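Copied over from TrEMBL:
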- 82-128: domain 'HAMP' (DOMAIN)
- 12-37: transmembrane segment (TRANSMEM)
- 57-75: transmembrane segment (TRANSMEM)
Amino acid sequence: MKRVSFRNKIIIKLLGAVAVSFFVAFGLTILMVLFVIDPLFKKHEDFGMFELNLSLVFLFSFAIFNFIVIFLILVRKKIAFLKLISENVNDIANGKLGLTIGIKGKDELTQLAQNINYMSKELEHTFEQERRLERTKNELITNVSHDLRTPLTSIIGYIDLLKRGQYNSNTQLQEYLETTY
């Protein structure tokens, strides 16, 4: 049975980034409440429901913004690697066979890059082999064509002599016929 390793799985890394982003955003929001919102409400005791609702919307927006920024900071390398893979696949699709992607890490994106590298090298090898076979075929056709043309030219020449009656004797006629046959 195949042993499953979770340490290098991208899902674990992403879930970790989500958890860290959540807790840091939550902590920053708590600090915002303790050091900004709470003193503001204590200083202005006449704040009503509107101000309370406005501060809650602000806090919620602040928490979401912090979560997104922290998450993007934590996953920026994976996003950059995924973008690199995408660009290289596009280059390979446009004819740059043999192009390889630099390997980074040990997760599913790395396996994807390794598989793309293998496919790119195999495609390059296959196309090189196809070009060699095409050149060999063209050389064969040229050689066979030349080999056929030389005897045909002689045969046509002898038949032309026979057709125009340019032979001196029946012996020469017989020689021409045997040569063409």
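Each Cβ is built from the backbone N, Cα and C atoms, and glycine gets one as well.
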Averaged pLDDT, computed only over the residues in the domain 'HAMP' (82-128): 91
Helix-strand-coil residue split for the domain 'HAMP' (82-128), DSSP-based: 33 helix, 0 strand, 14 coil
